[in-house]
Amino acid sequence: MTTALQRRESASLWQQFCEWVTSTDNRLYVGWFGVLMILTLLTATICFIVAFIAAPPVDIDGIREPVAGSLMYGNNIISGAVVPSSNAIGLHFYPIWEAASLDEWLYNGGPYQLVVFHFLIGVFCYMGREWELSYRLGMRPWICVAYSAPVAAATAVFLIYPIGQGSFSDGMPLGISGTFNFMFVFQAEHNILMHPFHMLGVAGVFGGSLFSAMHGSLVTSSLVRETTETESQNYGYKFGQEEETYNIVAAHGYFGRLIFQYASFNNSRSLHFFLAAWPVVGIWFTSLGISTMAFNLNGFNFNQSVLDSQGRVINTWADVLNRANLGMEVMHERNAHNFPLDLAAGEATPVALTAPAING
């Protein structure tokens, strides 16, 4: 008997690593974008958790009045945040080695920049990883295009807006109440509710929720029954089956009669494209709106635009909103400036026309 031995060429360690990274047989696909994503998101997550729990107060306004954001300094889950870096730092890149000491780095809010920059690189890489996996599986690339909407939104509030305003202290705090504070101040300074791109974003988010609920309920209501009355209809579907699991003709007929004929889709592909495109385009517009308002191209101003025949102002909801904006602007950064710029820039209102005569 003859035994034939084939010599197996052992691949180098680097080649094995390359094959593992790009293999679509792994339980979770890594990919080249994933290598960088794992490193940056781990760094951002670890720094965020440590800073949220134990970071000392940060001099966010650059006026030597630190703001506490961590749990160990009296906050809870709702009020806690990683406080943005100091206004004294501005737009300067502020890694640990740029500070004279670790205490100075913490006092000036260095962890905020560390978390934000690594987080943004991480989500960019996640988007690239979606494209990479689609490419290797022979799929079309639209999944990463859809994900670009939240990526654009995060980039707008964490990077574009601080650049436009001239300081990372104007970036969105990394916490729940800090996010709400950011929203209030953004409304006060930029009147975002009156910006058409924000309106398109609201239509995209709420409309997407409505269309998703409508689609899910129509499909669930028009399933092709494959089970008995005593079994769940969900058991009638087998993963990978070729047959349609619901009757699109029935769903089309129902919705066409409920609204009108042309409000209903008769093409499943165009329907699902619409379901994906509506919220994505809306969030794109909101991100674009925040990016333009970053450079103070603000929402519409219809203040005092309705006058009576005598020239007196008839207040509209725009005037009510303007009053709320001024109130919010007075409240924020109350120690950094004594008066909102909108009010301080106006003409002085006389409180007395003539000095009162005393003792005639």
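Glycine too: its Cβ is placed from the backbone N, Cα and C atoms.
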Among His198, His215, which residue does Swiss-Prot annotate as binding quinone together with Ser264, Phe265?
His215
Of 175-196, 197-218, the range Swiss-Prot labels transmembrane segment:
197-218
Could you check whether the transmembrane segment (274-288) packs against the transmembrane segment (142-156) - three or more CB pairs closer than 8 Å, residues at least 6 apart in sequence?
yes
Which of the recorded positions Tyr161, Glu189, His190, His215, His332 has its Cα closest in space to the Cα of His198 (chlorophyll a PD1 binding site)?
His190
Are there residues at least 6 beyond the ends of the transmembrane segment (29-46) whose Cβ is under 8 Å from a Cβ of it, and what are they?
20-23, 114-116, 118-119, 121-122, 125-126, 128-129, 131-133, 136
Quick one: what's DSSP say for His332 ([CaMn4O5] cluster binding site), helix, strand or coil?
coil
